[in-house]
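Structure first, commentary second.
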Amino acid sequence: MTSRLGRGQRSTPALFIAPFFVLFLATLVAPVCYALWMSLFREQATSGLGFEAPETLFVGVDNYLRALEDTAFRDGFLHVALYCLIYIPVMVGGALALALLVDSTMASAKRLFQLAYFLPHAVPGLIAAIIWGFLYTPGLSPVVDFLNTFGVEWDFLGADTVIFSMANAAAWQWMGYNTVIFYAALQAVPRETLEAATVDGAGQLRTALAVKLPMIRSSVVLTMLFTAVGAIQLFNEPEVLRAQSSAISQNWSPVMYIYQAAFTKHDYGLAAAASLMLALLGAALSFVITKLGNRWKEA
Amino acid sequence: MQSTSRTSAPALAAAVAALALLATACGGADSGSADAATGSAGKPVDITYWSWMPGTKDMAAAFNKTHPDIKVTFAEIPAGLNGGYDKISKAVKAGNAPDVVNLEYQAVPDLVTQGLLRDSSGELAESVKGYAPASVQALVTLGGKTWAAPYDVGPQTLYYRTDLFKRYGIEVPTTWTEFRTAAEKVRTASRGQARLLDFWGDDTATWAGLSQQAGAQWYGSTGDAWKVSITDPATKKVADYWKDLVRNDLVLNHKAWSPEATKTVTDSRAIALIGASWSAGSIKTTYPAQAGKWAEAPLPHWGTPATGAVGGSAFAITKDSKKAKAAAEFIRWATTDEAAVKARLAAGTSSGLPAAEKLRAAAKSTFDASYFGGQDIYAVAGAQVPNIAEGWSWSPVHNSTTMTLQAEFGKAQKTGEFWAAFQAGQAAAEKAITDRGLKLAK
């Protein structure tokens, strides 16, 4: 192999890969290393009132311990876990149902529906969250007015209910996107298998649940992985709805906590430590879900 | 295999070179030279000024026109807590900070204890003493040193709908007792359709002003230690008062600045607002259809006329500015010269009240008060400045304390159990002080 490639030819691939590694190092590896470094230090006042410039002290793992001891940080994870419990089943279940419906032999205008389902994803997340915020606001929202005419009083922004409103906004945005992924996977299911199922007497529903669903499970697993990892970075929906609802604190989710630690408290050590722990959790979660997914695929 | 690692060596070198290039591009650009403390028309001193406040760019331009020996370069930064203060902090640490910045009063101790501001007693103290009321001077003076020069002041006031006050047969309340009676009357007279006020029970700034009025001093210092007294008796009195009003459904309680709160006023379901001098401008732009129906009055009080101060901003010189003299000259102009106020408020949308009394006529001339039926709102607000309760100061941890307070106020929205929030705020503030290595007085 070496003998057949000239020197110039051999360096060509390296040249093509280089841009990736440059950006990878500069925008991911270097910041992570810097965060690791920052997480070991802490600014401390040098006098009782602190009118002299503060000094930066090496504190070891103290920042990590401080984050873990902070109930606000831990509550953030509970909030996200609760959010996932509501959001993931609704979003993935809904996307699967829509994909199977579009894929069923009885469906018509398939292209139209595919496009219609995907459309919400074309709206930027922040904008969507703002619009949903208005739709949840009594006095402004036609939805609330409509519910009121039937005597239904639902406080979308209340302390116990705002998490559903958040999950709803996110599900609206992502359901169609995942429908398209599932639909593409369904296209790859061999037609002979489906014909065989029909010949064996399976109806539409039976075919969908017993044949199609198991055959696209790898994309379902992949979607769950992306969704779960995405959910631990929850920021847009709660940050935007915070302007409308007093039920959401400024450090409601872990990312919001990190944001406030860095930009309100100027506690960069704490922010860096919390970020790294969040990243670690994300990595661990990806690992576990992939492992579980593989086992399920092999089973 | 071996060949692969050898061929990637140049690529790696290229990568490292590219990284180095990126790093140099990010750093660098050290502003200005160390010499030239005093400029001349031929060779003016260049100073830089960062702000996010409306009209400041035009103000800097106006300064440059009339001051040939100093040239101010303006740059707009994000609003304070939205990244502005952070940007200032990073710039000071990187050694490329501007010479002059704007900041809100409650951020002064925070920025001072981060070591971002210069002790400007020598440059600004005398000027500040000359024009700023004592209650405002206290906000920029820490440990006997002057750290910033006040620009405006926001005495808390009451805004009300003249037409609806008439319709529901109520007079403008002057005390909090009268206010409660008026609240009952509005509810009855409107058959439950309207309330006197939409209280912003999650807004720490409103609470701070109301507490200050009642005589509270949330923060202070004794010796070389910070003192936190958010749970003082005066604050308790205020919390209990509003608990009563919220629980008895005499006022609405929506989230501050939320669309729901705006809609409530638009629909005339709340007929008064607790604001500050600067609220006049935002009321005018937020509720254009209610022109001619609003008026401003002193805030109801607890027996003797007093009020709190909400908002307001100052000018400061940064820690390592090498042109403090020129910077101070610009700041003195910006805080005491009529031309500065006229340029800054030229857009006519701000009802900000300058801290210097002699500038208020100029400020007034920029604001069309026909929305307020021609009422002299500058006179109303200006008359309240001497009533601002003295002894109030902020602390380095107020921003992080606000986070806790706001979260807890949110929980009390329906129940009115605001006192629990203040208790949580007290604990959070104490923890934040020791967390930063500052000394806490017990």
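Heads up, the Cβ atoms here are built off N, Cα and C, so glycines get one too.
According to TrEMBL, the protein has these features:
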type	residues	note
TRANSMEM	A:12-37	transmembrane segment
DOMAIN	A:77-289	domain 'ABC transmembrane type-1'
TRANSMEM	A:80-103	transmembrane segment
TRANSMEM	A:115-136	transmembrane segment
TRANSMEM	A:156-175	transmembrane segment
TRANSMEM	A:215-235	transmembrane segment
TRANSMEM	A:268-289	transmembrane segment
Between A:12-37, A:80-103, A:115-136, A:156-175, A:268-289, who has the most Cβ pairs under 8 Å to the transmembrane segment (A:215-235)? A:80-103
Of the listed stretches A:12-37, A:80-103, A:156-175, which one has the most C-beta pairs under 8 A with the transmembrane segment (A:268-289)? A:12-37
Sequence-distant residues near the transmembrane segment (A:12-37) by C-beta distance (under 8 Å, 6 or more away from its ends) are 272, 275-276, 279
